Amino acid sequence: MSQESQHGKWTLSDSDDDDNIPEPKSQVNVKPKPPVKTEKIPPTSSLPMGSEARQAAHLSQNNPVKYENSSSPALKRKRETDEGGWNLSSSDDDDAAPSSAPKTKPKQPSSRSPPRKKTEEKRPPSPHGANYYKEEPSDFFEANLSAMNDTYRFYLNKVSGIEKKFNTGALHIKEILSPMFGTLKESVQFNYCFDIPWMVKQYPPEFRDKPVIIVHGEKRESKARLIQQAQPYSHIRFCQAKLDIAFGTHHTKMMLLWYEEGFRVVILTSNMIQADWYQKTQGLWMSPLYSRLPEGSPETAGESPTHFKRDLLEYLRAYRAPELAEWIERIKEHNLSETRIYLIGSTPGRFVGCDMEKWGHLKLRKLLSENTCPVQNAGQWPVIGQFSSIGSMGIDKTKWLAAEFQRTLMTLGKAGSSSSSPDTPMLLVYPSVDNVRTSLEGYPGTISRLILEFRNKIRWKAETSGRSNTYMRVSPDFSQLAWFLVTSANLSKAAWGALEKNNTQIMVRSYELGVLYLPSAFVSIIALKNGLPDMNIIYLRRDIKSV
């Protein structure tokens, strides 16, 4: 039977499918093969936490397939009843199964000495070798905040192995958690994949024992491995995100940082593993330092023009987690009025009525409709998207991608205004083979990455900053932005939601979180900094990409 999942359409078969295989005409005596030696799996503490698929991808990186002349044992698929996944096992696993073959006489003990055991080679932590990850030099990190941009507050991560000028104004995780931004008291880490020992080392020594809550979506064995990783760290607690709909994931990547001086939010695209912070392009938004409100202030106090406080509280309440209750109360007590971005989240569920526009791509559509203006020659303004993976999008592009999702991305201004045409370009960015080959990570960096071509295509290329990402709508000459979105959401119905029941409800499978930049939210701050009168600025300058 066919089963559609976040990762595409799979065909499941059982033994009934094999009825048409012809039986052999005669039996042939075959000498039994010697048992196949299997390599040891590295300790669970060395594996990044994530879904079983992510675990498999990590193992395949660290232990690439070796092509040998000798034939490999037959492989077969086994159904995993508890995880609903697949498992590859050698036929040797079934030696204990009953067999109709005649029993052979036990061999007499040999007088020869037992063969020497071969020394197992220890797997390197990276497909590039044991010494791939190197300590960053002292001048890699910022000593002060002078290079930081406080207008848009969008940053790229620092990347090892590129010219220093391309890292100017970028941030490393050690800098985000450093005393430069405040005296940390507690923090919450929301993410998809975790390497807890590595994460702990990113905190400076003076903050390394401060309480941390890890919000994750792991279940069963992977949850047990995550908890095992945290055993040496008594200051770490866990909060499990509820995933009530099949094939959903906890994909949100966010930090809540509580300081003696106030409170801060960081929304980003990086997993909490070293590989995502070393030589991969990532984007992040860091909030201002939010000060505490006067005692007794109502919950609505300290709201921003973008309703960021309301939306953040609503997102956290959607977890229905007692571990986050104290943080919800803390946020209520702080002034978030300086925020200039819009929050776009996804939470699992089926939503109807006005709740349909609270999550996923319908939330994006609502904001683009209410807070942007139509532009001349809108059909020539392409939508550009770059993402790291692609999930289920229906049988063909007309079922979701070129229908409801494209309508959302093409929205500019109130409903009914023309913001696109059938020929409006939708460019989904992919790397060429040569881009991959000459990249910092080379071919191993592409493991478990998917690419797609839809309508038009654009090759990955960035000559000024060395990297790029996110979703945006740009002018034909690439000098202006109608909007700009950095988010954890990849290209899938699970992440963005899909309409159901004749468009009367939307179903979302996963947790996602992103921030949307709209020109209207930056009118006053840009005019003030440029010494201009307050005016209706329709476009963001493309300079946002270089901050």
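Cβ coordinates come from backbone N, Cα and C, glycine included.
TrEMBL entries are annotated by machine, without manual review.
The substrate binding site annotation in TrEMBL covers LYS253.
According to TrEMBL, the feature compositional bias 'Polar residues' maps to 58-73.
The annotation compositional bias 'Low complexity' is assigned in TrEMBL to 97-113.
As annotated by TrEMBL, region 'Disordered' applies to 1-134.
A sphere of 10 angstroms centred on the C-beta of SER492 (site 'Interaction with DNA') encloses 27 other C-beta atoms. Residues or ranges marked as site 'Interaction with DNA' by TrEMBL: SER492.
Separation of the C-alpha atoms of SER492 (site 'Interaction with DNA') and LYS253 (substrate binding site): 17 Å, rounded to the nearest whole number.
Counting only residues at least six positions away in the same chain, the Cβ atoms of PHE190, ASN191, TYR192, ILE267, LEU268, THR269, SER270, ASN271, MET272, SER488, LEU513 sit under 8 Å from the Cβ of LYS253 (substrate binding site).
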